[in-house]
Ligand code: CTP
């Protein structure tokens, strides 16, 4: 997908992340995109119109009632001349304004006047992001067709707080823009696909949990690749440090039981891909209070019980999707173990990867997989997790072609 020649209207909201908008403009212009910027009054407290204008090589629009601007371009033309409107950073205020139809400055007026798709990259303090008002606004905006990229979890620039609210990185925003402007045929349009990704956290007490090293990169990349092919993707993600993929509805869970409940609520679906590294066991009990060290008593004995197998549950479900894809992370006897899982879990494919492989699949960016099905074993060369995702999405599209919607 090439972005060359595309026109983007970038609305820069007021927040520390506004400095990342400068890099975003650079990245877009490197790709031949024509960027025109609108800055809110708050944005101008963080970066200057001079920097934004220099990078975009265009006039920067700031005022709704600027006679010159209205005479030359006008807010309606400004909102329609682009192929896409991108809001980065999208503040809680800008989200609230659009969700409720306010139009009292240039940015909010352009957003409500446009007939083009809108992509928002939220950035705010984690408390503001998790506030019911912001969550409500986000749900409204999604229903209205606004696309989102991020936010990610991480350290906040302005405080020692960590949590969800950090703006997606400029290259993630570029990828989301590419996905939205991609006009190639969408073989998975009209297909609902469930994807699980990331680890699960199984609590021991309020501060401790059992986890694993899964980063969620592969599962998230698969969700994004399926969305690029037009699928309605529902990603059920365990706790990860990466942004929600663009164009995907992401549900966040902590434990295997929560993941299972969300996945089952999402049935029926056309396909399901189980990329999550679900904890096989959990502590039978989770203490309400932090477990204290008691002198002379030694460490507590954890009584472990098995978690439900989500893949197997769906693979044998009465509402089983037409296509069920599982993963197998093995350190030895890769193909034999994957074949056994195929049968036991009721999957059509198992994407088998050797986790003993050099460089470490878990957390890394590359992967070498084999696709195990009843038809045999297909060995794929080592490639990036994004490439594995793209190929797997194409394979899923191919397999679903013969299934009537
Ligand atoms: N899986 C699942 N629910 C679980 C455990 C695993 O949905 N409770 C799914 C994973 O998402 C993956 C597949 O099952 O698609 C294989 O998981 P893996 O951990 O490799 O297999 P296990 O069946 O747990 O076998 P083992 O750990 O003995 O290799």
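A Cβ is built for glycine as well, from the same backbone N, Cα and C atoms used for every other residue.
Predicted automatically and left uncurated, TrEMBL annotations should be read as such.
When the candidates 280, 354 are compared with the CTP site entry in TrEMBL, which names 290, 308, 309, 310, 311, 327, 341, 345, the shared residue is 280. Secondary structure from DSSP puts residue 280 (CTP binding site) in coil.
All protein chains shown were included, and the count of other CB atoms within 10 Å of the CB of residue 308 (CTP binding site) stands at 14. All protein chains shown were included, and the count of other CB atoms within 10 Å of the CB of residue 345 (CTP binding site) stands at 20. For the binding-site residues shown (280, 310, 327), fewest C-beta neighbours within 10 angstroms: 280.
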